[in-house]
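Visitor: My structure is below; once you've seen it, I'll send some questions.
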Amino acid sequence: MRISVAIDGPAGAGKSTIAKIVAKNFNLMYINTGSMYRAVTLKSVEANIEPEDIQKVLKIVDNMEMHFENDELILNGENINDKITTPEISNKVSAYASIKEVRAKLVLLMQEMSKKYDVIMDGRDIGTVVLKDATHKFFLTASPEERAERRYKELINKGLEVNYEEILKDIIRRDYLDTNREADPLRKAEDAIEIDTTGLNIQEVVDNICKHIK
Ligand code: DC
């Protein structure tokens, strides 16, 4: 039987950092589903296509070949990791990720990946929609202030000039949009284990998750 691990939670809860380590421990393929929505946003922005123009956005999606190598998304043969983690894309992604037709297409791609490989996927709707039958489900949370602090440090370490207050505002805005959108909103699956990571270090969260998977 295939192993599938779902990790959901709000922006900045530590999902990707934790998922990458757990992936190594259990030899799973790490699928960062947020990066797929970010890729759709990047390509749409590059082509000057607004999220209201759903048909054009869908055409963009149909011309995207996406797979993961070494934890990073490869889009049409190019590693676009640096281009999709900018504040501009973070600001715009919620609008594209709330298009239900886009979600339907990406969810299918994610489900295909989970049939081919043992996966650990992180996102907002993995336990509730994408991998309803996941063998393991986790829901990570942390206070907005702690999540903003983590994202701030991550971007500063990348050499970007960013402002903490703006990141906090963006996190609160995205929490609201992710939780209140009509299509596949962020929520904890009934059978997911909830872990509040506020004040916990990465190893403590990893140990907790690994204990449950074992
Ligand atoms: O995890 P992230 O910040 O990279 O996600 C980017 C955006 O994509 C975020 O605003 C929510 C959305 N998203 C989603 O709607 N469903 C997912 N499974 C993953 C991300």
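Cβ atoms are placed via backbone N, Cα and C, with glycine included.
Found this in TrEMBL, in case it helps:
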- GLY9, PRO10, ALA11, GLY12, ALA13, GLY14, LYS15, SER16, THR17: ATP binding site (BINDING)
- 5-214: domain 'Cytidylate kinase' (DOMAIN)
Visitor: Suppose you look only at the domain 'Cytidylate kinase' (5-214); what would the mean pLDDT be?
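Guide: Reported value for the domain 'Cytidylate kinase' (5-214) is a mean pLDDT of 95.
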Visitor: Cβ within 8 angstroms of the Cβ centroid of GLY9, PRO10, ALA11, GLY12, ALA13, GLY14, LYS15, SER16, THR17: which residues besides those meet this for the ATP site?
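Guide: Everything else in range on the chain: ILE18, ASP122, LEU140, ALA142, ARG147, ARG150.
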Visitor: Fewest other CB within 10 angstroms, which one of the binding-site residues GLY9, ALA11, ALA13, LYS15, THR17?
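Guide: Candidates: the binding-site residues GLY9, ALA11, ALA13, LYS15, THR17. Fewest Cβ atoms within 10 Å: THR17.
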Visitor: Based on DSSP, name the secondary structure state of THR17 (ATP binding site): helix, strand or coil.
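Guide: THR17 (ATP binding site) sits in a helix per DSSP.
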Visitor: What binding-site residues among GLY9, ALA11, ALA13, THR17 have a C-beta sitting less than 6 Å from any atom of ligand 1?
Guide: ALA11
